[in-house]
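> A single structure is presented below for examination.
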Amino acid sequence: MSAPRETIAAVATAQGRGGVGIVRISGPLASVAAKAISGRELKPRFAHYGPFFSDNQQVLDEGLALYFPGPNSFTGEDVLELQGHGGPIVLDMLLKRCLELGCRLARPGEFSERAFLNDKLDLAQAEAIADLIEASSAQAARNALRSLQGAFSQRVHNLTEQLIGLRIYVEAAIDFPEEEIDFLADGHVLSMLDKVRNELSTVLREAGQGALLRDGMTVVIAGRPNAGKSSLLNALAGREAAIVTEIAGTTRDILREHIHIDGMPLHVVDTAGLRDTDDHVEKIGVERALKAIGEADRVLLVVDATAPEAADPFALWPEFLETRPDPAKVTLIRNKADLTGEPIALEVSDDGHVTISLSAKSAGEGLDLLRDHLKACMGYEQTSESSFSARRRHLEALRHASDALEHGRAQLTLAGAGELLAEDLRQAQQSLGEITGAFSSDDLLGRIFSSFCIGK
C-alpha cells in the first residue's frame, strides 16, 4: 500500500503567535523545495541553520531546515521541515513559497494518513497521535503515548495471531475430513478458543478504561425530588449551575455540566427527581432521567439521609434497577450528613457496592471522597505499563469480536458445527483488523483522519 504521489505542505504548529513555527512538506518535491528554499543541498537528517529564500532570493525568514529522505521519515516519503519564527505572516509566506514550488495544501490528518498508508503506523497508532495532542490529563497522555508506541496494537496483534492459528486448525479439519478430527473429543479447539476469549475479555476491559480516560466519564446524578441532586451538581461544578429550591420537582429536564477533576474529564448530568407525577412536563423529565441513567458510565444515586426511605434506597424507584441493571456502576450517595450527624465516610459492602456519606451543602463535606472515588472509577491511579488509550470504535470492534467468539463456541459445543465456527472466527479476525486498519473501508479512514489537526 502506498500513498499518493502529490507533495503536500502545511503549517504543523498551532495557530497564533509563538517563538517557533514549523512548515512541513511530504512527497517527491520535498528535495526540490529543500534546495530552493534553503539555497543549498541539505545533508539528510541534519539540522541546517540559515535563511529561507523566496523565488527572487529575498529572505523570508531564517531558522532550521531538516530533510528526511523516504522511507526513513514519519510519512515514509521524502519530508522537509522548516523551523522558523512562529508569526502567522511569516509562516504564511513560507507556506505560499511551498505552493509556488508545486506543493498543495495538506488535508487535516493527511501526514498521519500517509504514514499509515506507507506502513509506518497502523490505524490505532495514528489515532493515538491525535489522542496525545488532545489529552486532558497526564494519565491520558501516558496512555496515548503507549498506544502510539504500539502497546494497544501489539495486544490486538497477539489476539489476531491466535485466531489465525485456530482458523488454520479448524479449516484444515474441514478441508481434510479423512483425518477425522473430532472437535469436541479433541478438546484442542475448545481450549484454544477459551484462551482467546479470556484474553480478549481482558483487552476489552482495559480498552474500556482507556476510552474513559480519553473521552471522559458520563456521570448521572439520580434520586428522589429534594434529595440534593442539584446541590451536588453545583458542588462538583464549583458554581451555581443548577437552580436549587425547597420546592420538589424544581429540576424538570436534563442539565449537563462538563467538569475536570485533576485533569480528568467528566460529563455530569443532573436529572429530574424520580417519582410518579400527573404533571405532563415533569413526567417527560422523569422519562429522560431514566434514559440518561441507562446510558451512564456511572450513576450517583442520591438519597436524603434524613428520610425513612434511606434505609432501603434501591426500593424507592423500581424502574431504576431495570434501567441500570449493573449495580457495580451505581454509587449510593447518602446526602445531608450534616443533619443526621453520621460521619463523612466511604464504605464498600461485601458485594462491592460503594456508599458515600457527605453533605452537598455544608461546605461540601465529603466531596473530596467523591472526587477520589470518581477518579478511581476512571483509572486515575492506574499505573500499569500495559495501559493504553482507546476509542469508542475500538470498543465496538472488540465487542463484535467477542460476540463472534461466543457464538462460535455455542456452535461448537451445542451443534458440533465446525464450519460455522470457522465463519465466526473469520468475523472475529476481521473485527480486530478494523482496529489496526488491516480491514477498514475508505469512508472510515476518511472520517478518522479528517478529525486530525492540519499538519499532523
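Cβ atoms here come from the backbone N, Cα and C positions, even for glycine.
Copying in the features that Swiss-Prot gives for the protein in this structure:
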type	residues	note
BINDING	Arg24, Glu81, Lys120, Lys456	(6S)-5-formyl-5,6,7,8-tetrahydrofolate binding site
BINDING	226-231, 245-251, 270-273, 335-338	GTP binding site
BINDING	Asn226, Thr245, Ile247, Thr250	K(+) binding site
BINDING	Ser230, Thr251	Mg(2+) binding site
DOMAIN	216-379	domain 'TrmE-type G'
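How buried are these features, and what lies next to them?
Under the DSSP three-state reduction, Glu81 ((6S)-5-formyl-5,6,7,8-tetrahydrofolate binding site) is assigned to strand. Here the Cβ of Glu81 ((6S)-5-formyl-5,6,7,8-tetrahydrofolate binding site) has 21 other Cβ atoms within 10 Å, regardless of which shown protein chain they belong to.
Around the Cβ of Lys229 (GTP binding site), 31 further Cβ atoms fall within 10 Å across all displayed protein chains. In three-state terms derived from DSSP, Lys229 (GTP binding site) belongs to a helical segment.
Cβ-based neighbour count (10 Å, all protein chains) for Ser230 (Mg(2+) binding site) stands at 24.
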> If I take the alpha carbons of Lys336 (GTP binding site) and Lys120 ((6S)-5-formyl-5,6,7,8-tetrahydrofolate binding site), what is the distance between them in whole Å?
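With distance taken Cα to Cα, Lys120 ((6S)-5-formyl-5,6,7,8-tetrahydrofolate binding site) is 57 Å from Lys336 (GTP binding site).
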> Between Arg24, Lys120, Lys336, which of the binding-site residues has the fewest other CB atoms within 10 angstroms in the structure shown?
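Fewest other Cβ atoms within 10 Å, among the binding-site residues Arg24, Lys120, Lys336, is found for Lys120.
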> Tell me, by DSSP, whether Ala272 (GTP binding site) is helix, strand or coil?
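In the DSSP reduction, Ala272 (GTP binding site) maps to coil.
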> Let me spell it out: for each of the binding-site residues (Asn226, Ala272), count the other Cβ atoms within 10 Å of that residue's Cβ, using every protein chain shown. Which one has the most?
Ala272
> Cα of Asn226 (GTP binding site) to Cα of Glu81 ((6S)-5-formyl-5,6,7,8-tetrahydrofolate binding site): how many Å, rounded?
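Here the two Cα atoms are 60 Å apart.
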> Looking only at C-alpha atoms, tell me how far Lys120 ((6S)-5-formyl-5,6,7,8-tetrahydrofolate binding site) is from Lys229 (GTP binding site), rounded to the nearest Å.
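The Cα atom of Lys120 ((6S)-5-formyl-5,6,7,8-tetrahydrofolate binding site) is 50 Å away from the Cα atom of Lys229 (GTP binding site).
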